[in-house]
Amino acid sequence: MMLKPSTPASVPSGLFRVPLAVAASFTVLTIGTAVGFGLPLRDPDGFLGPSYVRLPAILALMVLADVAPRTLLRRPSVRTMHRVAAIEFHRRWPVSRLVVTAMGLLTFYLAYVSYRNMKSFLPFVRDRVADPLLQTSDRWLTGGHHPGDVLQQILGTGVSAHVLSSVYVSYLIFVPMSVAAALVWSRQLSQGAWYVAALSFNWILGAASYYAIPSLGPIFVERTHFTDLPRTAVTDLGESLYRSRVRVLADPHATQSVHGIAAFASLHVSVVFTAALVAHLIRLPVVLRAILWTYLLLTALATVYFGWHYLVDVIAGFALGALATWLAWQATRPRRLLRDLPVVEETKVPA
């Protein structure tokens with residue numbers, strides 16, 4: 001069997017140098033805030049195991065998901081399976097690429113965990129909310145109407161509620177899956193790095209926007225406008241977030257929960273917009289781009305339909321996503337970094 005592995009002789013090691021430094025600085029700020037206000041630091045996904053175990057496990061699963069199908073496509077015999085797998089692993093994952101991918105995963109993780117903690121600190125650092133101002137902006141933008149009511153009247157409160165709910169909660173899966181896809185399957189690693197850095201900057205800018213204009217969102221201050229909606233996964237998510245808020249406000253040291261309610265700006269919108277924008281700029285297949293733009297539209301509708309965000313939160317989400325994408329481009333400079341991976345000589349695998 002003859003394999004022609006196109007191994008990256010040199011992967012650009014500086015892809016995540018700036019993003020990782022920024023994420024680490026944000027982590028230092030988060031730790032300083034925790035110490036300054038006497039608040040505990042939490043691992044928001046700690047129920048999945050400690051991070052020093054979880055992160056290497058995620059990286060290992062990403063590599064396995066990449067190597068295993070490629071190995072099987074070679075149709076090796078049982079006797080040569082391990083040799084073909086080893087060649088595929090070395091072809092796809094030289095040490096340099098493993099290091100860069102691990103740096104990307106660490107950058108994303110530091111930014112995300114710090115973001116979740118800063119969001120949890122919000123009611124203790126900025127205890128006054130700006131919901132009345134944002135409510136006024138909603139009425140002004142819609143000519144005196146409530147945006148949630150308008151969308152519910154146009155779209156109805158039956159099947160559309162369940163469809164939009166599925167779209168909204170799918171974000172929880174979309175984010176980690178898109179990060180894995182960017183780091184593992186990007187044709188040009190610099191493009192994947194651009195996307196992962198952009199998501200990391202979304203978390204940082206998002207936390208800044210929460211502190212700039214602290215707010216809860218329509219569903220938590222104007223519940224009467226959403227009583228006609230059926231029970232969906234979004235309902236369960238909202239109740240879970242509210243219970244966590246109550247526990248954290250009662251005693252942040254007595255719970256492992258994190259406070260997770262903040263409206264301005266919409267990170268759902270900013271992150272999905274970033275994904276659609278990067279996909280458009282790097283010219284991914286037209287079908288994929290169309291799916292992402294449609295997903296963005298439905299996500300933006302869902303945030304207002306269910307009362308998670310005010311209209312201005314959605315607008316700010318677009319601006320934040322665009323800024324994060326531009327900053328990440330400046331930080332990774334994908335056009336200036338190594339792109340295509342050179343082809344090396346054939347490797348012979350004994351039959």
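Backbone N, Cα and C atoms are what each Cβ position is placed from, and that goes for glycine too.
Model, not experiment: these values are computed from the prediction.
Feature annotation from TrEMBL assigns domain 'Inositolphosphotransferase Aur1/Ipt1' to 138-326.
Sequence annotations record features per position, and here TrEMBL assigns transmembrane segment to 52-73 (among others).
Long-range contacts of the transmembrane segment (94-115) within the same chain: residues 7-8, 10-13, 15-16, 19-20, 22-24, 26-27, 29-30, 43-44, 51, 55, 58-59, 62-63, 179, 183-184, 189, 192-193, 196-197, 199-201, 203-204, 206-207, each at least 6 residues beyond the stretch ends and with a Cβ under 8 Å from a Cβ of the stretch. If you look up TrEMBL, you'll see 94-115 (among others) marked as transmembrane segment.
For the transmembrane segment (168-185), same-chain residues at least 6 beyond its ends with a Cβ under 8 Å from one of its own Cβ atoms are 58, 62-63, 65-66, 101, 104-105, 108, 191-193, 195-196, 199, 233-234, 237, 268, 271-272, 275, 295, 299, 302-303, 306, 308. Sequence annotations record features per position, and here TrEMBL assigns transmembrane segment to 168-185 (among others).
Beyond its flanks by at least six residues, the transmembrane segment (192-213) meets 15-16, 18-19, 22-23, 26, 100, 104, 107-108, 110-112, 114-115, 118-119, 122, 125-126, 130, 133-134, 175, 178-179, 181-186, 262, 264-265, 267, 270-271, 274-275, 278, 282, 316, 320-321, 323-325, 327-329, 331-332, 334 of its own chain at Cβ-Cβ distances under 8 Å. Under the heading transmembrane segment, TrEMBL lists 192-213 (among others).
The transmembrane segment feature in TrEMBL is assigned to 258-279 (among others). Within its own chain, the transmembrane segment (258-279) has Cβ neighbours under 8 Å at 42, 44, 116-117, 119-123, 130-131, 134, 168, 171, 174-175, 178, 191, 194-195, 198-199, 202-203, 205-206, 209-210, 212-218, 220, 241-242, 244-245, 248-249, 252, 288-289, 292-293, 295-296, 299-300, 302-303, 308-310, 312-314, 316-322, 324-325, counting only residues six or more beyond its boundaries.
Residues annotated as transmembrane segment in TrEMBL: 286-304 (among others). Within its own chain, the transmembrane segment (286-304) is flanked in space by residues 147-148, 151, 155, 163-165, 167-168, 171, 174, 234, 266, 268-269, 272-273, 275-276, 279-280, 310-311, 313-314, 317, which lie at least six positions past its ends and keep a Cβ under 8 Å from the stretch.
Beyond its flanks by at least six residues, the transmembrane segment (310-329) meets 19, 134-135, 137-138, 141-142, 147, 194-195, 197-202, 205-206, 209, 215, 217-218, 263-274, 277-278, 281, 300, 303-304 of its own chain at Cβ-Cβ distances under 8 Å. Here TrEMBL flags 310-329 (among others) as transmembrane segment.
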